[in-house]
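Novice: The structure is given below, and queries will be raised subsequently.
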Amino acid sequence: MTTDQHQEILRTEGLSKFFPGVKALDNVDFSLRRGEIMALLGENGAGKSTLIKALTGVYHADRGTIWLEGQAISPKNTAHAQQLGIGTVYQEVNLLPNMSVADNLFIGREPKRFGLLRRKEMEKRATELMASYGFSLDVREPLNRFSVAMQQIVAICRAIDLSAKVLILDEPTASLDTQEVELLFDLMRQLRDRGVSLIFVTHFLDQVYQVSDRITVLRNGSFVGCRETCELPQIELVKMMLGRELDTHALQRAGRTLLSDKPVAAFKNYGKKGTIAPFDLEVRPGEIVGLAGLLGSGRTETAEVIFGIKPADSGTALIKGKPQNLRSPHQASVLGIGFCPEDRKTDGIIAAASVRENIILALQARRGWLRPISRKEQQEIAERFIRQLGIRTPSTEQPIEFLSGGNQQKVLLSRWLLTRPQFLILDEPTRGIDVGAHAEIIRLIETLCADGLALLVISSELEELVGYADRVIIMRDRKQVAEIPLAELSVPAIMNAIAA
């Protein structure tokens with residue numbers, strides 16, 4: 001924290017935002033000091049995103065006041081918030097990937113003379129701006145030639161150069177590896193030391209303790225508390241977030257007896273040139289096979305080839321003992337395969353559609369649109385899964401975009417469970433959801449396994465994989481490089497295999 005550590009720069013008083021049947025923010029008081037990194041934490045549905053959107057003009061609060069440097073403000077939109085001095089950088093960088101770094105840094109405010117772009121001057125200023133934070137790169141190169149971490153750094157530098165006094169970083173490390181995270185943290189510390197105030201939204205608690213000065217916790221739309229990071233034990237932080245003790249029972253797995261030795265799905269030398277090297281994989285009823293590896297190792301590509309999103313061009317696939325050609329997701333679904341993708345918002349949910357409509361989607365697609373599911377049956381199905389999976393929603397007709405990440409994930413699980421699959425692929429099932437929902441999702445995974453479902457689970461949460469997987473396959477450079485049996489399964493064993 002800077003020498004102005006006690007000088008408040010941003011404050012909300014009684015901030016409230018309501019949606020039909022939901023108090024997204026309820027009388028929230030929030031305070032941010034000049035030159036500090038504030039972690040903003042809470043379960044999904046706690047109100048973090050709503051608070052950010054209220055601060056940046058995406059939403060207009062129904063009640064309460066926002067104060068910036070002692071002045072009451074009411075941002076009309078994100079551009080107005082930026083003019084006032086509040087900038088935001090999201091996990092998915094909101095820049096123009098095909099344009100140069102310099103173009104992205106100065107888009108909308110390019111140096112011109114007589115109406116003509118002064119490109120050399122812009123590139124010089126862009127180089128100087130990046131160098132001022134210790135980054136040396138060719139600003140003439142397209143942004144998409146750089147890593148996700150560097151793209152985020154460019155977005156941050158742009159926001160700061162636009163005179164941001166407060167910078168909100170929303171899940172900036174979700175797609176970064178360890179080295180990239182440290183690169184980002186170095187920049188965050190530089191900004192803090194220069195007097196910029198940062199709000200850091202994340203689900204990674206270890207990172208909170210690495211980089212933040214204070215922690216604010218929200219729960220169910222309400223302010224729970226704000227504490228100095230160095231004075232808050234992690235177990236107490238979890239209690240603040242959950243309002244209860246963390247249920248660790250779901251993270252502990254007893255031994256499991258497989259229901260059958262015959263694989264539900266078996267793949268031999270199965271692969272797709274340019275996507276994933278040929279691999280062997282068998283999954284049996286009641287078995288959980290984990291898939292581990294670094295980002296870009298080929299985990300998601302493996303799932304996409306199996307599910308027919310990127311059809312294989314080599315090898316054989318046996319589903320319930322019969323050779324099959326998995327050429328499309330529809331064909332895979334008909335054969336009893338389900339797939340919950342990593343990116344819920346892009347590849348999973350239909351944001352504006354209701355919970356009911358999202359749940360019945362896969363079953364309706366399998367039946368065909370000439371055999372519609374009646375509205376009464378849809379309602380009964382949705383109510384049954386809301387009850388069975390504990391989906392928190394005011395009604396079956398609530399647009400799914402207003403549900404928390406954990407509840408969206410449960411809706412996606414419901415969608416595929418409704419089709420009664422025999423083989424289900426889960427890609428990062430607990431990513432982007434809170435610590436409490438983690439345990440709930442893992443409990444669901446265990447229940448599905450006990451019911452005889454064959455599961456392939458892709459996860460970066462190694463402790464979780466060790467907790468529930470029967471064996472773990474290791475991916476590296478889009479190849480299957482190792483398999484760790486249950487007797488040898490541990491976090492160090494997985495990490496050593498990944499790094500070998």
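For all residues, glycine too, the Cβ spot is worked out from N, Cα and C.
Per Swiss-Prot, the features are:
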| type | residues | note |
| --- | --- | --- |
| BINDING | GLY42, GLU43, ASN44, GLY45, ALA46, GLY47, LYS48, SER49 | ATP binding site |
| DOMAIN | 10-245 | domain 'ABC transporter 1' |
| DOMAIN | 259-497 | domain 'ABC transporter 2' |
Novice: Taking the Cβ of GLY42 (ATP binding site) as the centre, how many other Cβ atoms fall within a 10 Å radius?
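Specialist: Here the count is 26.
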Novice: List, in sequence order, the same-chain residues at least six positions removed whose CB sits under 8 Å from that of SER49 (ATP binding site)?
Specialist: ASP170
Novice: DSSP three-state call for GLY47 (ATP binding site): helix, strand or coil?
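Specialist: Where GLY47 (ATP binding site) sits, the three-state DSSP reduction gives coil.
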Novice: Going by DSSP, is GLY42 (ATP binding site) sitting in a helix, a strand, or coil?
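Specialist: For GLY42 (ATP binding site) - judged by DSSP and reduced to three states - the answer is coil.
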Novice: Once the chains shown are all counted, how many other Cβ atoms turn up within 10 Å of the Cβ of GLY47 (ATP binding site)?
Specialist: 25
